[in-house]
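In TrEMBL this protein carries:
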REGION    1-22  region 'Disordered'
COMPBIAS  11-22  compositional bias 'Polar residues'
REGION    44-107  region 'Disordered'
COMPBIAS  46-59  compositional bias 'Basic and acidic residues'
COMPBIAS  69-101  compositional bias 'Basic and acidic residues'
TRANSMEM  139-158  transmembrane segment
TRANSMEM  182-201  transmembrane segment
TRANSMEM  213-235  transmembrane segment
TRANSMEM  241-259  transmembrane segment
TRANSMEM  324-342  transmembrane segment
TRANSMEM  372-396  transmembrane segment
TRANSMEM  443-463  transmembrane segment
ACT_SITE  456  active site
TRANSMEM  469-488  transmembrane segment
TRANSMEM  500-520  transmembrane segment
C-alpha cells in the first residue's frame, strides 16, 4: 500500500485564492482509506495528479514540505519511517516551534495535525525524573536561583544596615596600628635567606665537599628554621590576627618549597650515582644545581621543584590588569562580609559547647551563609585570580591550580581537586615515598592528613596565640568522613548523595563551628589576661 505523508506547514507566497485552488486540487487528487492502526493513509494518486506535481512546485516554491510517494510497492518499514517523521513534525507544531508568524502565509493546520493522529507514540520520562534530569537543560532554574539569591541577600543587606549601620570605618584597609606588625614583615623578608642556604648546601654537595648525611642534616635544620622562626616572632609580638595568618602561610609555603627542593635534588643525586654504577648503561645522566632555577621556583605558583617548567610565549598585560581589578573588588567584598555580617553574628553568640544546644545550632546555621560566601571569595581570589596573575607574569604554563571540586562526590575527591599545588606536593613527597618504603596505602593517606592537620593548626592557632587543636581535629575528622562518603557512594551509586554530604559537613557545619570555637576561646583568653 502506497503511503503519502501529509504536509504540516507550507510557506505560500501566493494570494489567498491560490491557496483555495491548491486545497481543492488536493481534495480531488487524494483518495484516503482508514487503516487498522487508526491513521488516514493515502492510498494512491493517479497520473493526472502526478502531472500536476510541477505546478505544485511552482506554487510552493521548491516543493519543500511536500513528500509524495508515486509507487504502490513501498514497504511497511518505509511507511513507519514516514510516520515517525510526521510524529516529530507534529510535536514541533504542538510546541510552537514551526508556527512562527512571518510575512508569508501558511496552509491551515488541518493538513499538519489531524485529530485522528495519535498524540502519544513513545515512552518518555518527565524532565525532572531521576532518569532524565541530567539530560535536560536547567538554565531557567539556574536563572531563578540567581534571582532568588539576589532578592534574599538584598533583603539581608538592608536588614543588616538598618540594625547595625555601616560598620566599615575609614581605617579598614590601613591603620596606624599596622606599624606594630613591622617585625612580622621583617621576618617574612628574612625568610628568603633560607633558599640561599639550601642552594649553597646543594652546590657543595654537587662538588662532593659534603657527605650525604651532612646534606640531609643541613636541609632538616633549614626547613625547621623556616617554621620555628615565624612562630617565635608571632608569639613574641602583639600583632594582628590577619598579619599572623599571612606570615604563617608564607612560612608554610617556604617550608614546602624547601622540602621539595631538597627531596628532588636528593633523588637526582641517587639517580646519577646509580647511572654511574651501571656499567651497561650507555646514557650519560647528570643534574645541575642552578640558582636561576631555584629563584624562579621560589616565586612560581607551584610547590614541586623541577629544573624546567612549561612556559607561555608572552605576557598579556591587558588580561593581567583585568584580573587585578577583579582581585581588588572581590577582596573588598570579602572584607565587607566579614566586618558587616560575620563579626556581629559571632559577637552576639555564645560558646557553642557551653551554651544552649538549639541556640548554638541557630548561630552556626546563621553564620554558615556569610562564611560560605567568604570562603568562596577566598578561593576565587587566591586560587583563580592571584595564582593566574602570578603565572601570567612569570609565563608559567601549567595553570591547573584546581579542578571541579564543587562536583566532588566524596570528601576524598574534594581534597584531591580543590588545591592542586598542595595535592601534587603531598603525592610527590609524602604519599608515594611512604608506599615505596613499604607503608600500607591506608596508613600513607593517614600520614598525609596528619601533615595537613598540623599545618592547618599552625596557620590558625599561632596567630590566635592559643592551642586548642580545633583545626587539627577538624582535618583529622575528614578521615572518617572519607570512609563514610566512599561507602555511601559505592552503595547508592549516586553523585548527588556524596556531593550533598560534602557541602553539608564541610561548608555548612564545619567551618562556622570552627569560627565560633576560635573566636570565643580568643575572647576568653583576652578577658582572663586582663
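Our numbering is plain: 1 for the first residue shown, then up by one each step along the chain.
Each residue, glycine too, has its Cβ placed from N, Cα and C.
Among residues of the same chain six or more beyond the transmembrane segment (372-396), those with a C-beta under 8 A of the stretch's C-beta atoms are 296, 299-302, 309-316, 319-320, 323-324, 326-327, 330-331, 333-334, 337-338, 342, 402, 418-419, 421, 507-508, 511. With a cut-off of 8 Å on Cβ pairs spaced 6 or more residues apart, the transmembrane segment (182-201) and the transmembrane segment (139-158) reach fewer than 3 such pairs and are scored as not touching. Sequence-distant neighbours of the transmembrane segment (241-259) (same chain, 6+ residues past either end, Cβ-Cβ under 8 Å): 178, 181, 184, 187-188, 191, 194-195, 198, 219, 222-223, 226-227, 229-231, 233-234, 297-298, 303, 305, 422, 425, 429, 455, 458-460, 462-464.
Counting only same-chain residues 6+ beyond the ends of the transmembrane segment (500-520), those with a CB under 8 A from a CB of the stretch are 342, 346, 349-353, 360, 363-365, 367-368, 371-372, 375, 408-411, 414, 460, 464, 468, 470-471, 474, 477, 481, 484-485, 488.
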